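Report on the following structure.
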Amino acid sequence: WAMLGVVGVVVPEAIASAGVPLGESAVWYEAGKNVLDDGYQTWFGVKIPLPLPVIFALELALIAPAELYRGSQENVIPGITLPFTGKADPLYPGKDFSFDPLNLGLDPFGLGGGEDLAELKVKELKNGRLAMVAMLGVFVQAAVTHEGPYANWYKHVSNPFQYNLLTILGNGSLADNQI
């Protein structure tokens with residue numbers, strides 16, 4: 001999820017800087033302003049006529065049965081026996097790639113099997129850890145500069161000697177570093 005999170009933080013801000021209107025602000029930490037209007041959720045500016053508690057209750061009512069079913073298959077609720085326990089799960093037939101309705105996990109050239117599979121798993125873990133560190137950097141950067149990562153990157157690339165970590169921390173404020 002962290003890998004998608006980094007992309008989801010940077011891409012909307014980059015698209016908005018190209019002139020595409022994405023609401024009040026495309027910066028990730030102000031995303032709630034774009035989707036909430038007086039306690040009601042909006043969808044591309046159109047107010048949904050249900051208050052947030054009703055939307056939450058509907059989501060809970062619709063998702064809870066699926067999660068209970070999944071939990072009963074994996075026996076994740078100790079001491080509680082739920083319906084369907086012990087039966088084979090038709091949603092996950094036991095292939096190497098459990099959920100693959102479009103056969104995207106098909107490997108016709110054999111690139112992901114055997115020893116390569118173990119190496120690919122390690123690479124995936126390392127990329128996930130790197131993405132988590134990147135998200136931590138995005139959080140800290142927003143707390144220090146009060147801007148998104150794309151805006152900071154753009155300012156740094158425009159003038160790397162005037163706008164960088166040392167000049168921001170050295171001056172104690174961003175007022176002197178504005179380009």
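Each residue, glycine too, has its Cβ placed from N, Cα and C.
Taken from TrEMBL, the feature chlorophyll a binding site covers LYS123, GLU124, ASN127, ARG129, GLN141. Its own atom aside, the Cβ of ASN127 (chlorophyll a binding site) has 12 Cβ atoms within 10 angstroms in the protein chains shown. DSSP gives ASN127 (chlorophyll a binding site) a helix state.
For HIS156, the entry in TrEMBL reads chlorophyll b binding site. Counting every protein chain shown, 17 other Cβ atoms lie within 10 Å of the Cβ of HIS156 (chlorophyll b binding site).
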Check your understanding: Quick one: largest C-alpha distance among LYS123, GLU124, ASN127, ARG129, GLN141, binding chlorophyll a per the record, in angstrom?
Key -> 26
